[in-house]
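Here is the structure we will look at.
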Amino acid sequence: MHAAVIQFPGSNCDRDMAVAVQQIMGARTSLIWHGEAELPDNLDLIAIPGGFSYGDYLRSGAMAARSPVMQSVIAAASRGVPVLGVCNGFQILTEAGLLPGALMRNAGIRFVCRTVQLKVENSQSIFTSQYENGEQIAIPVAHHDGNYFADSETLDRLEGEGRVAFRYAESVNGSARDIAGILNNAGNVLGMMPHPERMIEPLQGGSDGRRLFEALIREIA
Amino acid sequence: MKTRVFVTLKNGVLDPQGKAIHHAIESLGFSGIHDVRAGRLIEIEHEPGLSRTDLESMCSKLLANLVIENFEIEQAA
């Protein structure tokens with residue numbers, strides 16, 4: 001199993017993500033610099049970590065989405081390679097057009113950094129199959145721009161097609177319909193604001209994030 | 001040559017920053033303010049030959065996120 005974690009200038013969850021992927025999935029993990037035009041062949045997972053790529057200049061994720069490596073990520077996603085974007089990674093995936101909508105400034109203006117309750121909305125995806133439908137899990141968030149926006153037609157479509165993976169079970173950032181994470185149409189791309197890689201063992205205060213990576217092992221193996 | 005690009009949020013998109021500015025203006029004692037929306041001004045210095053098409057392409061590919069924003073291009077006379 002071979003996973004890639006993409007690094008942009010300003011990424012700061014890349015190492016945590018690499019540890020989660022390595023320890024839980026047992027995957028060989030390559031850290032890939034954003035300037036690389038090509039990804040290694042036969043990747044089983046691409047993870048786009050959190051942070052503040054390019055200082056979040058212009059808009060969160062906007063610069064990173066146009067960097068050379070993202071063309072290869074888009075091509076890999078269209079071939080069906082699983083792509084997981086967390087926090088800034090979610091913002092990058094929407095800016096790159098791999099997921100619909102946009103992540104705007106939190107409704108309360110403030111940066112939100114705490115563990116929140118999430119509700120698993122779709123336990124059928126390759127990322128969520130180790131959760132129960134409707135289960136509540138505790139995962140930390142740490143973001144300033146997590147307020148998910150899409151027009152109501154898009155929101156209806158996401159809900160109708162079961163593409164809302166996670167919803168906030170409490171008020172966090174003003175996200176449309178409390179959306180915390182969404183899937184692409186084919187189900188191989190997940191973007192989410194909460195950080196599953198920060199909740200993988202009891203020492204971190206909980207391990208609810210662990211099952212997301214365990215689900216991927218089953219799907220990929 | 002200089003071109004100015006104005007990037008603004010689309011109507012109907014909530015603007016928490018505009019709201020905060022609105023509150024701050026009122027807390028300074030100014031009244032009669034109905035609404036405040038915040039946007040971004042980008043100034044581009046360029047060769048005279050740069051086409052309108054290229055400018056529009058820059059805007060839609062990078063400077064504005066058309067899911068939430070509109071752009072306006074103001075070319076200097």
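Backbone N, Cα and C define each Cβ position, glycine as well.
Curation does not apply to TrEMBL; its annotations are automatic.
According to TrEMBL, the protein has these features:
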- A:Cys87: active site, nucleophile (ACT_SITE)
- A:His195: active site (ACT_SITE)
- A:Glu197: active site (ACT_SITE)
Which of A:Cys87, A:His195 has the fewest nearby Cβ atoms, counting only those within 10 Å, among these active-site residues?
A:His195
Residues with Cβ closer than 8 Å to the Cβ of A:Glu197 (active site), same chain and 6+ apart in sequence?
A:Cys13, A:Asp16, A:Met17, A:Val19, A:Ala20, A:Pro49, A:Val86, A:Gly209, A:Phe213
Which of the three DSSP-derived classes (helix, strand, coil) applies to A:Glu197 (active site)?
helix
Work out how many Å separate A:His195 (active site) and A:Cys87 (active site, nucleophile) at their Cα atoms, rounded off.
7
